[in-house]
Structures are given as structure tokens and as C-alpha cells.
């Protein structure tokens, strides 16, 4: 009799070790089979056989008793005997367990269980989807054939059967709910019958439509054992984003004891008041699936993405659930032994995102904000700090939690709304290489390495992405592979639905990182992204992985399928094959590779061959094989040469030979006598301006005859062309290895028939001669044999003893890189033998063989005591590194010279210290004797001022102050939509606002200052000034509100911030020498705007008194910026005569922006603003350097009084500095008016010689920028500090300054003469009194600060009248930062703020070179 066998379990005690990881190593397979029946049905359904594994027949009888009716024990139990034909014989049991057999005469899915106490029976189902005959898969709710029973604890809440209007999904449905009943913590359920057992793949499927009456409403699926123990299998509690039916699949698993399933709809608490939310719960299409298949769980749950729960009572096969921060097994075995590799699990509940992950942000460009700013910045100082776009957030009404109790999540939702477009990246720590088994098609772990996370998003496309980042690469630079990119997920409602995302991780043969990138493309939009519970599959990494693995794959870098002149376009396929080892394609066609591990590497580098014609083949390229020592994270840039093009002789040759036939000339039918183009060279470099390795390209094939219409290939060194190379030859020759197709085309009509050289500088051909090959020295196209091909070269400081040879194949160029993998015990290192560098061996660092002596592999040099033993990178040559940075290779003839130098330094220091102590004692003694006399002689300037005020009120438009205020536009503060605070101080605060769509900066005086009459006067004065001066270069007044306290002024909002902060941020930084890409014309335009605003003030007869870069605001930081004058708190109208007025009383003023007549006589005129404007121009062109660096205010006053002026900033146009000197004339009458200044600047803007000058970047800064890119060499510390630049080279005498190629020497001479020109000293009745008082005050301040040993500069001596004395002491001492405006009380001449302590920097600070080095072109003597 043929039998149809249904196997629910197959193997009793076989554990299959698959790959590197088991589904669950703690699973008890014997216990699993002792609790479950194996069932076999006859093919015709007439009988059914049961098998059980037990220790004895009696134990088996206890199990089979559940199957016998009427509670009677059966004696018809037999021990099963295996034969070869029985499929059960393939699966043996151990000696303690045997298999027993019991047979029933018919198929039966129902079991009558008895209760001995009540002597009653209850119907139980064998397993959930058991059937005999025709299968009733779906529960027809209209009939009584279902294994389900409704239950409810409320009379108005019961399930009723309804016929579905949509027959496509289902025919009938169950629905329970009530609109009027007061439902509070009630429940309506559908409960199944008890089932004897189930398979481990058993699941329940149904559809539900659930309407919440409150946030506590939920739908729960539970399993209930006979003992009453309950377990939640599924929970639905989130409010739906749509009104559609939700299909559900609930994993039940394999139960070994009777159980039943309950679908519970819980109402929760009633809804809040005034909210009518009826509760409804609808269920349809209920059925079980795969519940009888009790197969061998280990064999059936053995894939890499599966996990078998270890409890035999309820065994489940989980999919993508192991190590995902969520407990799915009752014994928590799915989350055991997880997180061994740092950073592979992240639930975002920590304080720093997750374990070792970090966030970086890159500002990409500037743009105008589209909504209210949330970045707090003062109105007059835009100190912008990059804000990260990702942040941690707890669940909210907008974004619910991904799972119950999951906690914080990673969110991007534009809340920071930064002023600039930026990109943030959440970057993982360095991860080891991926498990090779996960990428082997024959392995059960194939395609199991995934990145898993929960996602809730509402975004446009490409707003965020997940990428693989190669080891050692800056996350914001190129060299990353996108593995997941956001699509268009903008949904109509605010709430989004969480979904689980699985992303395949490409194979990684070396260490790598994962980065989650987001860019705020659309500021102010309603986009948001939420990510939670991010984890890697445990099969991604080997269990015993060594994170510093030596298993580095060989790397083969080719042209990525490109040929001829076309640059490589796509190398993704190659990157996938080599396992993402840090190799990627750059925009210019070069390729970059990052060294994964420090050690020796073998490189085989070959140039490309030349093109061929119908007569001959082109020459092959050159090859170089070498050995080089590379350090980890070093970037190598490579250009792979491509074959030169071959001429097309028919219209279809390009189809037959697409890789080398000239594509541009296929419409031109040649006469057959044409030359081919030369091959490109293959190059490698670790420096920007030097090719360390050049493998020459082969020459293109030539035809018989001679012509001169042929070109040279590119050359790394200068090549003198052959005398036969005419102008045409020179025109079609290459000067660079990276050339574009349109360059060096053949002249005239033959331009369309150019046969182009291969990428990498191959020479073009225009006639019968073939183009020469590119190389270290390009080949001569007029030469013979190999002289026409390019030569090869390896720089001596990159590799020693390279092997040069000619390639045997006419092919594209390539580079092969192999790592020396042999593990060697220190001090030996893995190296390659010098015969073709193929054999690996463990040798001494210098390449010699290891001996058994004590001196084996000893350092070959005896270094001085003040030096350390080092090995040079690349060549691995030994040398001694002195403490002063000097490198010694010949220890017998060279020394560090450090001991002698330091001895001299110590002696000098001791002498200086002794003199300092003696001088200090003398000054203290002298000061004590004259202290009383000095205090009596200090001049009180208030006694020298006229006691009469020159004005009692300020008149605007010849009206009273009140009338002028009444004429200003008024605005109600209640109509302003208030935003964030932009700035706050003692006077009050400034906040952002919007009024009728107009952006405002609202300034409010505090209540304390509102009570002061003087403060009210100043506040009104500022409003009157801005309301009177209506000009495009003056900040516009929108309105005022003086009706109630605190007073309010509404001004136009200036997004660009203050001018001083802007020019400081224009300085070179570590990323760019010109961050804002400014030109000289931009700086001139800013100064012209300020002059135009001052012209408006001059027209009205007002003096601003505080013209400085800090008081100038910019409309934007982009190219359309306009500078406007602000802060009129010190502005006064001239009411005495028509030209000036005199101040009296305690007056504070910015000394470094003030002319001599102001701080000596207290006289301010419009010419005073002219002086201040000249200092402002100096600030702009010096990029925010404080005027008169390192000078106290007292020193500045003495300098200006004696006729000294500021030096010119580096790179300033001569005409601009001439105008600045005109503004600083001693006599106010000699200074120009602002009308004249505006005309001069307009003329300068039309002068190409001025506006065409480069952006002023000091050579010291350029040198520092270049040195910052270098890689110092050290075996022990490979990443040392940047090479120090001597400050003495920065400050040179004018006669030694190198002449710039962009500026005429005559202009430089004129600039220097202007700078050396000394103005007439300022003299008045008060000059001598003020100067003497300043000298005394300066001496007193020095004594109080303990500076008694500081010698007095010569120019401070009252007896010194020699104008040749240096007014600006020659010193490299500079301030660490630009000090705030220093103010001097003219009545007491006491220094209020002298700035930070002076110090001498040890090296050039590249982070802010303008604050550490005064960028003056030369020093004055």
C-alpha cells in the first residue's frame, strides 16, 4: 500500500553546523521530539499513524492516551522497527530513547480529553490547521465550522457577522462596537479551541480594522496554555494613518502542550470630554498556516537570517530577529552573545547617540532662509556654529515610538533650520571586514548580512541616504558607496507609519564604516525622518574576527572598461569585486585608494599601449615592479593610462573595434595611410604636485612617409621638442596628463579627423605619423623604435631598486597592489624578495636576513642622545630624528647641534632673568618715592573742557525732537509675530519678528534703562537718525512704538550679520584658502557701500562718531550682499556753526578709530568720520585684524599725535591705500569729503589693475596650507604634527620681499613709500598736557601690572625727536585673538580694556592665522 507521508519532524538528534554561526546552540532537540507526535496519513485517508519518541513504552502510552477516545489507555502500542525503505530510518535516536508507533483506523483531527474529577470530556483539535478530506482553510464566519468562539464582558460589545460589500478581500466579517455605551477597560474576544500541538512555522493570518476611542485602546493576539499562562504574540496600538484593512501574520511557533489562541479587542479608557470617538473592532479572513509541519527545526531553521528559539515548549523560527535589540524568545536567547563588535547595535537610548557612533556636519553653501530662523545670533554679530541635523528625540504625538517601550529615536525634522545648507552624517565606528561566508552562493549564510532598522519618514527623494565609507576616508569627501537612498515618501497626513527596513551590506574585504547622511535641501518644509533600533545581522562578521586583520585582498585597478581619450565614468563594478577596499573614482578621472594596514606592498604598474593601424600594431607600454612601505590611512592617487585611438578606415570600423577606433572620425573615410595615437601613462602619487611613479605609454603605429602633423605625449619633466616639431606639432602636443577631448585638436579641417591619444597624456595624430607615448619623458614622435614611447621613473624617495621592463601585451594600463601577508614576530617585518618582489619573507627592517645573534635586526645607526630611531616612509630607510626636527642619515659627519644651542639659550636666559630682577627692584624703589607726586600731577581733562554745552536738544529737519518723533512711522508691537531672541545685553534685547510678511529685527530697551532720561534720549536719537537718513546703505527703520514701556524700534532684518565677523570668516581655513570665493572687487564694493552711507549722513550734517566694521551690517553673505550703516547711538548733529561741535563731560570713545583732534581736544566733525572710515577700510582689507596690533590705547594715541600711521595690509591695491592715507591727514581740512570718497571708489571699481588683483592671502598662510597636506614619516607615530614654519620667514624686510607676479613693482615701491611717509604731528593748546598725562598713566599701568622690567620704547621718550626711530616695535608678539573695542575715559585717561595678555606663539596657528600673525607685508624701521 502506497502511503503519503506528512512529516512534521524529520531529524531527532542531528545538529548541522552551518557556516560560522548556529541557529541556536542551546536548543534541546531530544526534548523537542519527546513532546510532539509525528503523523502519517494513508493516501486514501482511511487510517492515520502516530509516532512518538520516549524512554519506555509506558511513557509512550501516557502520550498516546491523549489520542484515545473515552479517556481509556490504549495497549495497541508497538516499538517501531526501521527498515531501509522507511523514510523514518534515516533519522536515528540515541540509546535512551526509542520510537513507538500507534495507529488509528481513520483520520481524525479532534481529540476528546477527559476531566477525571468531573468525568467530562472536552473537544481538542490535534493542531490548528488539521483537516480530513476537503480542507477548510478559511474560517467561514457564516457557518458553525470554525474553531473560534466569541466572548465579551459587556452586553453592548459583542461580535456580529456582516456580509462584506467587497467580495475581493473576504465574504464575511465580524464587527463589535458601540457609539452610546460607556466602555471602560472592556474587552471583546474571539477564542479558539485548544490545540494539542503545532509546528514551529505555524502562524495565524487575519485582517482587522480597528478604531480607537482613546490612546489606551489596542488589539492583542494571545496564546493561552491549559495552565492559564498567557503570552502576547501581537499588539496593535498605534492610531492608523489610513482607514484601510490591515493584514496581519502572527507567528505562533511550535507548542508541545495544549494551547489556544485569543484575539482580544480592548477598549481602554473612555475618550476625553467633548470628543465623540466610538470604539469599533472588525475581524475577517481568519486562518492558520503551516501548523502541522513539525519538521526537523534545526535543518529547517538553518539559514543565516533565521534563529530557533531554544525553549522546547514553544519553539519558533525567527526571521531577521537575532541581535536586533528586541526580545522575541521567552528565554531571551535571541539577544544573547550580541554586540561583541563595537557599534553593531544601536537603540539610540544613550546620551551619545549609540556606542561609539558620532555625528559630523559640513556646511556646503549659503542660501537665504525660507522661514523664521531658529539659529540664535546677535543682530550685530553673526557667530555661526555648525548645527547637527540629526538629534535624539523621545516619542511625540507627531512621531510615535517604533515599538512599545523603545524609547528615544534618531530624528531629522528641520527643527534646527540653520542659516546655511549643510549635510550631517551619523558615522559608525570602524567595523571589521565582513564574513566571506555571507557572500558565498554555496553557503547557507548567503545574502544574510543586512543592516536592519525601523523607519518612519516623510521626505522628498535623496534627502537622506545610507552609505558605506571606506576606512580612513573623510565621511564628507568622495569615496563612499550608497546602499540605501530615500525615495519620495511624502504622505498627506502628518503621522507616518513605522516600517522595518533591511539593507544588504556589500562585501567588505577591509575595515569600513557606515554613515547615515542627511541634507537640508528644503529648509522650512514639513519633512522628517525617524530611525530606531538599528543593528547588523550577526552573520555579517566572523565570531573570531580580528579587527586589525591581515587578510587584505589583492587590488587590481584598471580603466573600468574605458579606452581612448574618454575618462573612466563608472568603477562601481570593480569596487564590488574588490570588496570596497577604499578604492574609488574621482571627478577628474583619477582613482584613489586608501591604505588599509601599515606594511610593505608590492606594486606592478604598467602604462597603456599605443593605437594600431592596418599596417602595424602600436608599441606596448612600460611596466614597473616595486616594493614600498605604506602607512595606514594614507591616500594614493592613481591615473590609469588608456590605449591611444586607432584610425577608422571604413564607416563601420568603429563597430568592429569599439575600444580603440576613433569615434569622432568615423564619418571621415581615410585613404588608408593614417597614424594611430599614443598610449597614456599610468601614474601614482602621494603628493599633490609630484608623480612618484610614472609608467610610460607606448607610441601609436605610423605609416610610411613623413609629416609634421603629430603631437607629443604628456611629460612629467620638461622635454625640448625635436627641431622638426613645428607650430602645428606644438599645438597638438599635450602639456598635462589629464586632458580633455576638445584640447589639442588638429588645426583646420582636420580637427574633425583627429586621432586622439589615450587618457593619461597620449600624443595625438593628425597624419601619417603616430602620436608619441606619454611618460616621465614623453617619446619623440619623430624618433625610431622605443624612442617614440614614453619613459618610466620611480622617485628615489618612494622606492628603492624598482624593476623596469616592457609589457608583453598591447593593452590598457593597470596597477596591481598586493599586501605582504606573512605574520612576522617583532622586530622582523614582512617584506618581498628583490627578485621581482614575489616571494614573501620575514626579514629585518633593512631587508637583511634574520640571524640568531643578539644584534639581529638591530637599528643600524647609533643616534645621538637627543634623537630617536625612525624609519622613513615608503623606502623604510633608517634615520635619526632630532628633537629639533632635524633628520640625520650620516651619524659620523652630522650632529643635532642641540646641546650647544640649548646651552647658549640657558646662559642668555639666566642673564636676562638677573637683569629683570635688578630692574624690578629699582622701579619699585623709584615708584614708591614718587607715587604721591605722580598722583597729584595726573591731569584731569575735565578741567580743560568748556563748561558750556553746545546743544540742549537735537533738531531733525529743523523741528523739535517731539515733532520729529511724531513724524516717524508707528507700528503696534501686538501685530508683530515674535520669534527667537537674536541678542541680549544690559540695555535690553533684540529679537526676530515678522510683520505682514516682512522680516524685522525688533530692539526693545529694558525697563531699567527706560526710566533713565539719558537712555531714553539715546534710544530716541537712534530712531530719529534711521528715520531721517533714508538711503540704501543705511539700515531702514520700519516703525517705532513709544506709547508704553519698554520702548520698541523695528528695523529691517540683516541676515548677513556684522561686517567684522564676515571678513574674519573670509580668512583661509583648513579646508579652503578662500572659503567664500571672494574677489578683490567684493572688498572694494563693501567699502564703497559704507562710503555711500556716510555720504548720506554728511548730506544731513551728522557725525556718526563710531564708524567701524562692527557697526556695519550686511543684507546677506552671498554675492548680492549690500553693506549698511547701523548703531546710531553715538551720532550727534553739528549745531555749532556748520562744521563741528565740541564734547564735554565724561565721554567714552573708541581710540583706535578716532583722530587726534577728537581724543585730545574733544572736537568731532564730519572729517572725524572720514578718519574712522579709513580705519574701517584697513579692517576690511586685513580681513578683520584689529588696528594697531599689540599696541595699547595709550601707545596708539602717542603714535597718532607724533604723525605715525597704520601699515598697509598685504595685497591691497595702491589706490585704496592712498585713499586711506588721505583719510588720515593730520589736518582735518586736508581730508577728503565722502562725496569725493564715493567718486574715487567708483573710479577704482572701473580700474582693471585694482579690481583684478587676487584675493589677499599672505604667503605664510599659503605655505601653512600646503604643509597641512603633507604626511610626516614615523614608524611609531605615523600621524605627527604638521611641519613647523618659522615665524622669522613671515616677517621680512621690505627689500627682501618677493615681488608678486600679479602686481607691478612700481606699485609696490609706491606702497612702501606711502607707508614710510610720516604725517605732521598734531599740535594744539592741550597737546603737551595730554601727551605728558598719557606717558605718566602708561608708566603707572605698567607698574600696577607688574611690568616694571619692560624697557620703555624709544618713541615714548619725550626727549626723542628722531623721526627715523621705529614707531612700530619689531616683534612677532601678537595677540591671541582680536580684542574688543578698547575705550578710554578722556577725563581720567584710565585704560578700561587692554585686551588679552600678549604671548608669542610657538608655531603658526592654521585654525586662525590672522589672529596669530599680523599679516603686514613688511616692518617699518
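Positions of Cβ are set from backbone N, Cα and C atoms, glycine also.
Positions annotated as signal peptide by Swiss-Prot, on the basis of sequence analysis: 1-20. As annotated by Swiss-Prot, topological domain 'Extracellular' applies to 21-903. Swiss-Prot lists 24, 44, 70, 83, 119, 533, 546, 633, 726, 793, 849, 893 (among others) with the feature N-linked glycosylation site. Look at Swiss-Prot and you will find 301-317, 309-329, 323-338 tagged as disulfide bond, backed by sequence analysis. As annotated by Swiss-Prot, domain 'MAM' applies to 339-542. The topological domain 'Cytoplasmic' feature in Swiss-Prot is assigned to 925-1421; the stated evidence is sequence analysis. The annotation domain 'Protein kinase' is assigned in Swiss-Prot to 976-1261 on the grounds of sequence analysis. Per Swiss-Prot, ATP binding site is recorded for 982, 983, 984, 985, 986, 987, 988, 989, 990, 1003, and the stated evidence type is sequence analysis. Annotation comment: Swiss-Prot describes 1106 as active site, proton acceptor, evidence class sequence analysis.
Sequence features annotated in Swiss-Prot and their locations in the structure.
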residue	record	DSSP class
301	disulfide bond	coil
323	disulfide bond	coil
338	disulfide bond	coil
533	N-linked glycosylation site	strand
633	N-linked glycosylation site	coil
726	N-linked glycosylation site	coil
849	N-linked glycosylation site	coil
893	N-linked glycosylation site	coil
984	ATP binding site	strand
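Around the Cβ of residue 893 (N-linked glycosylation site), the number of neighbouring Cβ atoms within 10 Å comes to 7. Here the CA atom of residue 338 (disulfide bond) lies 53 Å from the CA atom of residue 990 (ATP binding site).
It is 60 Å from the Cα atom of residue 338 (disulfide bond) to that of residue 893 (N-linked glycosylation site). Averaged across the domain 'Protein kinase' (976-1261), the predicted model reaches a pLDDT of 86.
For residue 533 (N-linked glycosylation site), the nearest of the recorded positions by C-alpha distance turns out to be 301; the candidates were 301, 793, 982. Here the CA atom of residue 988 (ATP binding site) lies 70 Å from the CA atom of residue 301 (disulfide bond).
Between the disulfide-bonded residues 309, 323, 329, 309 has the most other Cβ atoms inside 10 Å of its own Cβ, all protein chains included.
If you measure from the Cα atom of residue 893 (N-linked glycosylation site) to that of residue 988 (ATP binding site), you get 72 Å. Taking the Cα atom of each, residue 633 (N-linked glycosylation site) and residue 317 (disulfide bond) are about 43 angstrom apart. In the three-state DSSP assignment, the secondary structure recorded for residue 317 (disulfide bond) is strand. Counting in whole angstrom, residue 982 (ATP binding site) lies 22 from the residue listed as 'active site, proton acceptor' by their C-alpha atoms. For the recorded positions listed here (301, 338, 982, 990), the lowest count of other CB atoms within 10 A around the CB belongs to 338. Here the CA atom of residue 984 (ATP binding site) lies 57 Å from the CA atom of residue 329 (disulfide bond). For residue 849 (N-linked glycosylation site), the count of additional Cβ atoms within 10 Å of its Cβ stands at 11 [all protein chains shown].
DSSP classifies residue 990 (ATP binding site) as strand under the three-state reduction.
In the three-state DSSP scheme, residue 1106 (active site, proton acceptor) falls into the coil class.
The Cα of residue 1106 (active site, proton acceptor) lies closest to that of 323, out of the disulfide-bonded residues 309, 317, 323. Residue 726 (N-linked glycosylation site) and residue 793 (N-linked glycosylation site) are 28 Å apart (CA-CA, integer value).
Neighbour density for residue 317 (disulfide bond): within 10 A of its CB lie 24 other CB atoms from the protein chains shown.
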